[in-house]
Structure formats: structure tokens, C-alpha cells
Amino acid sequence: MSANAIEIRDLRKSFGPVDIIRGVNLELRAGERHALIGPNGAGKSTLFHLISGRLRPTSGKILLHGQEIQGKPPARIVHAGLSRSFQITNIFPEMTVLENLRCAVLWKLGHRYSVLRPLGRLRDVEAECTRLLEELRLTHRRTSRADSLSYPEQRALELGLAVASGADTLLLDEPMAGMSHSETAAALELIMAVTEGRSLLMVEHDMGVIFEMADRISVLVYGEVIATGTPEEIRANPAVQEAYLGTPNAEEAA
Amino acid sequence: MTMNAIETARSRPGQTLLPATLPWAAVIAVLFILPLAFPGTAMVSTLNYLGTMAIFALSYNVLLGQTGLLSLGHATFFGLGGFIATHALLGMAEAGWAFPLPLLPLIGGLGAFVLGIFGGWLASGKGGMPFAMITLGLSELVYAAAAIFPSIYGSEEGVSMDRMELGSSFGMDYGSATDIYVIVAVWFVICAAGLKYFTTTPLGLLANAVRDNAERVEFLGFSARRVRMWTYAIAAGVAGIAGSLAAINFEIITVIELGAATSTLVLLMTYIGGTRVFFGPVLGAVVIGLMKVWLSDLTPAWMLYFGLLFIFVVMVAPGGLAGILVGAGAMIRAGRLGPQLPLLAAIGGLGLLSLAGVIMLIELGYRAGLDAALGSQIRILGLPMDAHGLNSWGLAALLALGGALSIRPLLSRLETLQHRLGLKGGDPA
């Protein structure tokens with residue numbers, strides 16, 4: 001039981017009469033890299049919003065390390081050890097890269113809403129931010145405004161905000177969306193490095209990326225997980241082939 | 001152009017000791033020189049008023065500039081701070097307590113801070129429109145309550161006090177405006193330094209984060225509501241200090257001080273001064289404060305001129321007066337102002353002509369309407385004019401319209417030029 005970072009049981013979400021998530025069951029094992037795939041409109045982002053607290057489920061349970069988190073506000077879920085990135089870049093545009101990261105590490109380092117000392121004097125914050133900047137390869141952009149970064153740099157910062165909070169479970173919503181081929185390769189390498197040792201659930205469309213990085217894959221179709229397994233199992237699954245991979249242009253259609 | 005330039009100036013790392021302390025040394029030097037340069041009770045009283053409003057505007061910018069919150073009722077805490085300080089003084093004087101007058105703002109500020117926690121808790125659930133509406137509602141509530149509790153708020157003439165009643169302390173008896181100036185100046189330095197310090201703390205940074213992207217703050221483990229509530233309380237506390245100083249300066253506090261007009265005034269001061277530069281609101285408070293003191297003597301239309309200035313800043317210079325200064329400074333340092341000077345001078349000249357026309361129109365309008373009893377002859381900007389004369393109106397309209405219309409092509413040429421200089425569109429560096 002506790003070997004699972006996240007356990008989702010019969011999760012449902014309706015918007016009025018429309019059922020978007022229709023009884024999802026999903027397990028994210030501790031330490032695994034798990035990809036969530038599915039056609040557009042399958043409910044992948046909605047599922048992420050439910051897990052991370054942006055939306056409240058209609059029914060069902062979400063357990064984080066065995067503790068129920070469904071319906072809790074996002075901040076509580078972060079405290080419980082889960083943080084996320086967003087499909088559409090969701091950073092602090094008018095603040096510098098360093099300031100962005102400072103905000104993200106303040107809670108885990110215990111400074112919270114403090115006014116007792118200036119940030120410049122908080123050695124632990126500085127050390128952690130320096131380490132993160134290095135890891136994200138943004139050291140040279142330290143004092144640049146976040147909205148002046150290139151797109152891949154903004155995506156790296158987006159990833160950095162999720163990673164910096166110190167959560168051991170991460171949800172990454174299409175971290176490579178909108179990137180060119182070479183940018184995707186660099187981003188994948190970065191993601192693999194910064195999420196080392198954590199449990200990772202990631203929505204991704206690029207099949208090449210998925211089969212390269214994922215330990216397991218779950219396929220979400222019309223609000224239901226129709227299959228979960230290793231990349232090989234998913235590739236060989238006839239239901240998945242029919243619903244998703246079977247289309248002639250699987251790579252592009254994704 | 002201006003925002004980019006501000007950005008370059010802001011993001012430049014200036015963490016060495018000298019640049020950080022230099023502005024403060026300058027501030028203190030200016031505070032020393034001011035009463036010597038402008039002696040006389042009336043002038044020093046004006047300085048006291050400006051200092052009070054500068055603190056008030058700085059406190060407002062904690063909300064507007066730092067946290068991105070548009071409060072429509074900030075005067076509530078300015079006024080309540082003033083009333084709390086006044087009643088504290090009256091009470092202590094009656095009880096015969098020895099309490100140094102310069103510390104009185106501490107009482108007003110603490111009182112306003114505590115009330116600010118309560119108000120902030122009510123108003124801070126959301127930012128944006130709901131926040132603005134709740135602050136407006138709260139301030140109307142307090143204003144309306146004033147009529148119900150005349151013993152606290154006084155009736156229409158307010159509550160007056162004699163600041164000398166607490167006796168002498170620190171070698172001053174507080175009879176003269178200069179004594180009050182010392183109090184205001186010291187509190188100004190304390191408040192400005194404190195609020196500047198606040199911007200460097202974790203909570204101060206989180207306030208910026210809430211301004212930029214409140215939702216993401218929640219996903220980093222924080223409650224945006226708590227951040228708003230504490231910044232609101234801090235802003236309220238400092239406004240309370242300013243209100244206490246105003247009460248000490250004028251020796252009277254009325255419900256006007258906590259009404260919508262005062263809330264609007266501090267909004268205008270802060271925005272016109274500039275919300276993204278720390279001392280911007282101080283500049284705004286001084287400019288608007290002086291306009292209020294002097295312009296209200298010169299013309300009945302002074303409120304209208306505030307409105308025009310506000311619209312001008314909103315439309316042309318969203319960074320405010322400080323934004324213009326910082327932008328110009330950055331351009332000078334980059335050596336990019338020179339090529340623009342002829343065009344800027346032409347635009348400025350035409351702008352002044354147009355402004356003269358607008359002033360004539362307004363003054364003629366007032367003389368023809370509200371002040372008709374004073375006769376139709378009037379001197380405007382040194383020119384004898386006639387509120388019933390076709391020539392006067394014609395000249396005014398010609399200047400106003402002609403100036404404005406001829407500026408337009410110049411503005412587009414300026415834009416092209418700035419584009420070519422690399423000041424617009426793309427990275428300024």
C-alpha cells in the first residue's frame with residue numbers, strides 16, 4: 001500500500017451533466033516515472049487538476065502516501081508532498097528568475113511568511129536557489145525578468161518551481177509542449193536529472209519521449225484508464241491500439 | 001520604452017554597500033535642508049502635510065504596487081489612526097499621564113494595524129475586483145458609522161486637540177510647526193526604511209508573487225489570502241501612523257480624513273508618482289500635495305486638473321512620474337536620449353501649448369458657469385480673456401486642439417526612432 005506515492009480510487013468529476021472523469025483508478029508507485037497519455041479531451045489535465053487541488057472531485061478518493069487529499073486546497077497538498085507544473089507556463093512574469101525560485105523554496109525551508117530577516121541574509125535560501133539555478137541551467141539568467149526568458153528557459157523555470165518546493169511526488173503537465181525537436185531532447189534530459197529519485201506522473205504527447213523515459217504508462221480515454229503497463233505492454237495492447245495508437249499518424253495525431 | 005528602461009534599472013544588481021545607503025543619506029540630507037530652505041510657519045506646515053501624505057502614499061503602494069491590490073478605502077486606516085491618536089492624546093492628557101507626543105503615532109499605527117488585520121481578513125479572499133469592492137464597502141461602512149457615533153468621530157467639525165497638552169519631551173514643547181516637522185521627518189525615515197526593508201523579506205517577495213500570479217503562489221504551498229491579509233494590515237498600520245501625524249499637525253481630525261475623497265487622493269498620489277519605483281509615491285504625494293495646496297488657491301477647478309493629470313499618466317506614462325524619471329535616467333546612461341531630444345522638445349512644446357489651451361477652456365468654462373457672478377473678464381496665464389467672448393474661446397480651442405493634433409504625427413515619428421534605437425520591442429539590453 002504505502003509503496004504507492006499516489007493511489008486514485010474510482011475518481012469522478014462532472015461539470016453539470018457532463019462527466020469528464022468517469023471512475024479513474026490509477027497507482028503511481030514510489031520512485032517510478034509514469035506517463036499519462038490519451039487523445040485530446042480524454043481528461044488528462046482535468047485529472048491533474050483534481051489531484052493537485054485546483055478542482056474538487058465529484059466523488060472518489062485520492063491518496064498521497066496513504067493520506068486522503070481529495071478536495072483539499074492546493075497549498076495543503078503541497079505540504080503533503082505533491083507539487084506540479086502547468087501545461088501553460090505559469091510563472092511570476094515580472095519577477096526575476098532568482099525571485100521566482102526564492103518563492104518556491106521558502107515554504108520547505110520553513111521561512112513561510114517571515115519578515116524577520118531579509119532574503120539576502122537567508123543563507124539556506126541562497127544556497128538552495130544557487131543549486132537550482134545550476135541544475136536548471138539558468139544561472140546566467142539569475143537576474144533576468146522571467147518574462148524576458150526564451151520559451152525553453154521559461155519551461156525550465158516552470159519545471160524548477162515544481163521541483164523547488166521539495167515535494168517527493170511531481171505532476172508534470174506536458175513539460176515539453178511547444179518545443180522543437182532539439183529543445184525537447186534537452187528538456188527531457190533536464191527533467192530526468194531534476195526528478196531523480198522522485199515519483200513522477202507526467203502528461204506527454206511525444207511517443208518517442210514517452211517510450212524513452214516512462215517506467216509505466218497509463219492510457220486515459222473518455223475519462224477512464226483503459227490500460228496501465230510497461231511501454232511494451234501498452235504498445236502490444238489491442239484496446240490501446242484501437243483507441244489511440246492504432247491511428248495511421250499516431251505520432252502526429254498525438 | 002519606460003517600462004523596459006525601469007526594468008534595466010531595477011534588475012541591475014546593486015548590492016554593494018554604497019549604492020544601498022546613498023539614497024538614504026540623500027533623503028536625510030534633503031529632510032535637513034527643507035525647513036532651512038523654506039522657513040516660515042506656513043511653509044513648514046505645508047512640508048509637514050507633504051511628509052504626512054508621503055508616508056500615506058508609501059503605505060498605499062504596499063497594496064497597489066507591491067501586492068497588486070487596488071484598495072478603494074485606504075483612507076479608512078489613515079482616518080482611524082488619526083482618531084485613535086487624537087482620543088489617546090485627549091485621554092492621556094485628562095488622566096495627566098506623561099507620554100511623549102512623538103510616540104503618539106505608534107498608538108495610532110498599532111490601532112490601525114489591528115483593525116487592518118480584521119479588514120484584511122474580510123477583504124483578502126480574492127484579489128482584483130472583489131477586493132476593490134470589499135474595501136470600498138468597508139470604508140463606506142466606517143464612514144457611515146461616523147454619523148452614528150458622534151462621541152468618537154465628533155460631529156461635522158471633527159475632534160480637535162491641543163498637541164501641547166502632553167507637555168514637553170525631547171527638548172521640544174511642540175508649539176511650533178518646526179517641532180512637528182522633526183516628528184514628521186523622523187517618522188518618514190522610519191516608515192520608508194521599514195517599508196523598504198519589508199520589500200526584501202520573504203513576505204515582501206510573496207506579495208510580489210501574489211501580484212504577478214496569485215494562483216501559482218497557492219501551488220507553492222502558500223495562501224494568497226494570508227499574504228494579502230498581512231500586507232493589508234501592514235499598509236493599514238503605516239497609514240495609521242500617517243493619519244496620527246496629520247492629526248498632530250492640524251490638531252484636528254474630521255471624518256473627511258477617512259472618506260472616499262481621501263482614499264481617491266492617495267490613489268492619485270501613488271499612481272501618478274509611480275507604483276514600481278519605491279520612492280515614486282513620495283514624488284506623487286509631493287507633486288499632488290503641492291498642487292492641492294497651491295492650485296486650490298489659484299483656481300476653483302483644481303480637482304479637474306488632478307483628474308486630467310491622472311488620465312494623462314494612465315494613458316501615456318503608466319510607470320508614473322518616477323517611471324519617466326527612471327526611464328530617462330536609463331536612456332541618458334545608455335546614451336540614447338540625445339538623438340531623441342529634438343523630437344521630445346517639439347512634443348513637449350506642443351504639449352504645453354495644448355495644455356495652455358485646455359487650461360483656458362476650463363477656466364473660461366468655470367467663469368462662464370459656476371463663477372459667473374465674478375464677471376466675465378478674467379486673466380488666464382497672464383492673458384486678459386472674456387468668458388463671453390468668441391475670441392477667447394476660439395483661441396483656447398485652437399491651442400488645445402491644434403496642439404493635440406499636431407503632436408500626433410510627431411509621436412509616431414518618436415516611436416519609429418525609439419524602435420530604431422532598440423528601445424521598443426525586444427530586449428532593451
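Using N, Cα and C of the backbone, Cβ positions are placed for all residues, glycine too.
Pulled from TrEMBL:
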- B:21-40: transmembrane segment (TRANSMEM)
- B:46-63: transmembrane segment (TRANSMEM)
- B:75-97: transmembrane segment (TRANSMEM)
- B:103-124: transmembrane segment (TRANSMEM)
- B:131-153: transmembrane segment (TRANSMEM)
- B:180-198: transmembrane segment (TRANSMEM)
- B:229-246: transmembrane segment (TRANSMEM)
- B:278-296: transmembrane segment (TRANSMEM)
- B:302-329: transmembrane segment (TRANSMEM)
- B:341-362: transmembrane segment (TRANSMEM)
- B:393-411: transmembrane segment (TRANSMEM)
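Here the transmembrane segment (B:75-97) touches the transmembrane segment (B:229-246). Their Cβ atoms form 3 or more pairs under 8 Å, with each pair 6 or more residues apart. Of the candidate ranges B:229-246, B:302-329, B:393-411, B:302-329 contributes the most Cβ pairs within a distance under 8 Å of the transmembrane segment (B:278-296). Of the Cβ pairs linking the transmembrane segment (B:46-63) with the transmembrane segment (B:229-246) and spaced 6 or more residues apart, 3 or more are under 8 Å, so the two regions touch.
Counting only same-chain residues 6+ beyond the ends of the transmembrane segment (B:131-153), those with a CB under 8 A from a CB of the stretch are 69-76, 79-80, 83, 87, 119, 122-124, 159, 228, 255, 258-260, 263.
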